[in-house]
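Taken verbatim from TrEMBL:
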{"type": "DOMAIN", "residues": "39-288", "note": "domain 'G-protein coupled receptors family 1 profile'"}
{"type": "TRANSMEM", "residues": "24-46", "note": "transmembrane segment"}
{"type": "TRANSMEM", "residues": "58-76", "note": "transmembrane segment"}
{"type": "TRANSMEM", "residues": "96-118", "note": "transmembrane segment"}
{"type": "TRANSMEM", "residues": "138-160", "note": "transmembrane segment"}
{"type": "TRANSMEM", "residues": "195-223", "note": "transmembrane segment"}
{"type": "TRANSMEM", "residues": "235-259", "note": "transmembrane segment"}
{"type": "TRANSMEM", "residues": "271-290", "note": "transmembrane segment"}
Amino acid sequence: MENGNITSGFILLGLLNHTRAHQVLFVMILTIVFTSLVGNALMILLISQDHRLHTPMYFLLSQLSLMDMMLVSTTMPKMSTDYLTGQKSISTAGCGLQIFVFPTLGGGECFLLAAMSYDRYVAVCHPLRYPILMSWQLCLRMTLGSWVLGAVDGLMLAVATLTFPFCSGREIDHFFCEAPALLQLVCGDTSVFEYLMYICCVLMLLIPFSLILTSYSLILTAVLCMHSTEARKKAFATCSSHLSVVGIFYGAAIFIYMRPKSYRSANHDKVVSAFYTIFTPVLNPLIYSLRNSEVKGALRKCMARCAL
């Protein structure tokens, strides 16, 4: 048994092997990651440059894009480098940084998505009171709270996970350092830690997810009262696409973080983790922003300016 892995570091076994099929899959993943980075960076640029998008809703969307860019940048460069070079080692400090940053961004995004659902609820159900119920002061407080609560969760996870004694095998069957994956290497009782992690997940995942479902239920109720069939169709399409992305993100996170250690499968965990580290960051700008007419107008205006 190695004492707390202070000097040894770890080995990341990765998501893919070097078969032809996995090589094609690797190229597809790189394409998705590049698209995600470009799409989210474009959203931040458009929102910052166009004064018509300087509203609480688009400010929250810009924060979502920033979190998604950082989320992808936390895991994918290391995974890609390991796959191309075959050097799969990661230092203890690097592993600890991933354990800290990933829950910070993932947890922050959980709260931010709940704030965004509240924003949409107010806009649809109480449009005349929107400036009061969704003021800039409240928007900034919710955004700051999302970052701070995520950081607190990440710090606690990183510190608690790396204080455990690990067995001599330092191989993590994952493509990045994630707390549940490291628990498989612990030589000791982790039941108390798993219970506390479960409580944190209830606070970080289930409560925001319940608020999102409540907000969209109220939105759909209001939509059903609309007289315009076209407006109902548009609202249903928007709500369903939003809920689909939210369901993928929260469903994958709940699957990874809220199962007991005895029920975990490394292969399943790696695939499910890919959903909220690779796929949802590319879906968010497409679903939440680039389908929006105001964003499309800002994009056309930006392209016209660049063409001059």
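The chain as shown is numbered from 1 upward.
Here the Cβ of each residue, glycine as well, is placed from N, Cα and C on the backbone.
Bear in mind that TrEMBL entries carry predicted annotations, made automatically and left uncurated.
Across 24-46, 96-118, 138-160, 195-223, 271-290, stretch 195-223 shows the highest tally of CB pairs under 8 A with the transmembrane segment (235-259).
Below 8 A, the CB atoms of the transmembrane segment (195-223) and the transmembrane segment (271-290) form no more than two pairs separated by six or more positions in the chain, fewer than 3 in all. Remote same-chain residues near the transmembrane segment (138-160) are listed as 56, 59-60, 63, 96-97, 99-112, 115, 118-119, 179, 193, 196-197, 200, 204 (criterion: CB distance under 8 Å, separation of at least six residues from the stretch ends). Annotation: stretch 58-76 has the most Cβ pairs under 8 Å to the transmembrane segment (96-118), among 24-46, 58-76, 271-290. Proximity of distant same-chain residues to the transmembrane segment (24-46), defined by a Cβ-Cβ separation under 8 Å and at least 6 residues beyond the stretch ends, is recorded for 16, 53, 61-62, 65-66, 68-69, 72-73, 76, 80, 83, 278-279, 281-282, 284-286, 289-290, 295, 298-299, 302.
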